[in-house]
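Listed in TrEMBL:
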type	residues	note
TRANSMEM	47-69	transmembrane segment
DOMAIN	60-320	domain 'G-protein coupled receptors family 1 profile'
TRANSMEM	81-98	transmembrane segment
TRANSMEM	118-139	transmembrane segment
TRANSMEM	159-180	transmembrane segment
TRANSMEM	206-231	transmembrane segment
TRANSMEM	267-289	transmembrane segment
TRANSMEM	301-323	transmembrane segment
COMPBIAS	363-377	compositional bias 'Polar residues'
REGION	363-383	region 'Disordered'
């Protein structure tokens, strides 16, 4: 007798309902052992949290995209990565948070089978894209800092390759959702968008696979790249312009490029740490739910922990604004144009890292001597010759 597991509501998305629900025997004569009790208080809390996350995520990412669009052609490779990460976060907000919000309000899936499959597919696309764009961003920083000659040979426009690879992988690796989810008719005559598995171990295998592909493997890759970047930065900043070791008593202050490198590394590290902190509870809860039959999946703590992951789409834009002076400047011009004029001689630290040099060489010291009154024009005119930080 075949067994098929039914999992109610978004599976590998925001919250996981009773995974012990089993359908025994042929589908036409199935005996459903399903619990469909609704905790109204918990549902109201979920609706309030999801609505807040949706509004904040769409507003924040939309504001950053507007700031980037104001720069026109004065965009750097890091700006383009931020642009695509905002698009990934908007995908999470529009196709993961918003459908879940509507689902919680109606308590039933309202739509045809095709819509059920499409929504659950796009929900996971956003998860993959958020993770893989961060991977692409970290890889690009690693290549620019640890292998600058390779970055120079490939040119300043090579940023699009890892971005295209990230989006392509996200769309392809999300395809199982189209086959796992479908609109199912309940004994009461109502319909739900549920996940079905041919074997009882199917849910465990799928959740474990997605956790590896979305969270564990990307996190290990990012940690490795960040470690290599910090080692290279530490080594390079200890060397003077001529390759001599710089002592602790040196009176020479940090160059603009050193400050830009430090700022961008901090931004990337904060983005990664925020991603790990937001998504860790979600994946731990998912793994616990499918591997432990006694997991308290209907409890409020269990359910609310699943919502923390979506906070990542709200925090990323503010990280950009904090660490990128160009984005924060454009945001100030949008919010309050009169107060956003930069001071005379303002140094743009966002666009000073040359892809043809290591961090502690002659190019760094020569770039720091550029006249301050020409910073904006000089940085924009040499976009094709430099690989800026952010």
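Just so you know, glycine gets a Cβ as well, placed from its N, Cα and C.
Note: TrEMBL annotation is automatic and uncurated.
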(message) Which sequence-distant residues neighbour the transmembrane segment (118-139)? Criterion: at least 6 residues beyond either end, Cβ under 8 Å.
(response) 10-13, 78, 81, 84-85, 87-89, 91-92, 95-96, 99, 111, 162-163, 165-167, 169-171, 173-175, 177-178, 180-181, 193, 195, 210, 213-215, 218, 221-222, 225-226, 268, 271-272, 275, 312-313
(request) Give residue numbers and ranges for long-range contacts of the transmembrane segment (47-69): same chain, 6 or more residues beyond its ends, CB-CB under 8 A. (result) 14, 75, 79, 82-83, 86-87, 89-90, 92-94, 97-98, 100-101, 104-105, 304, 307, 310-311, 313-314, 316-318, 320-321, 327, 330-331, 334
(request) For the transmembrane segment (267-289), find every same-chain residue at least 6 residues outside the stretch whose CB is under 8 Å from a CB in it, and list them. (result) 12, 16, 19, 85, 130-131, 134, 137-138, 141, 207-208, 211, 214-215, 219, 222-223, 226, 295, 297, 302, 305-306, 308-312, 315-316, 319-320, 322-324, 390
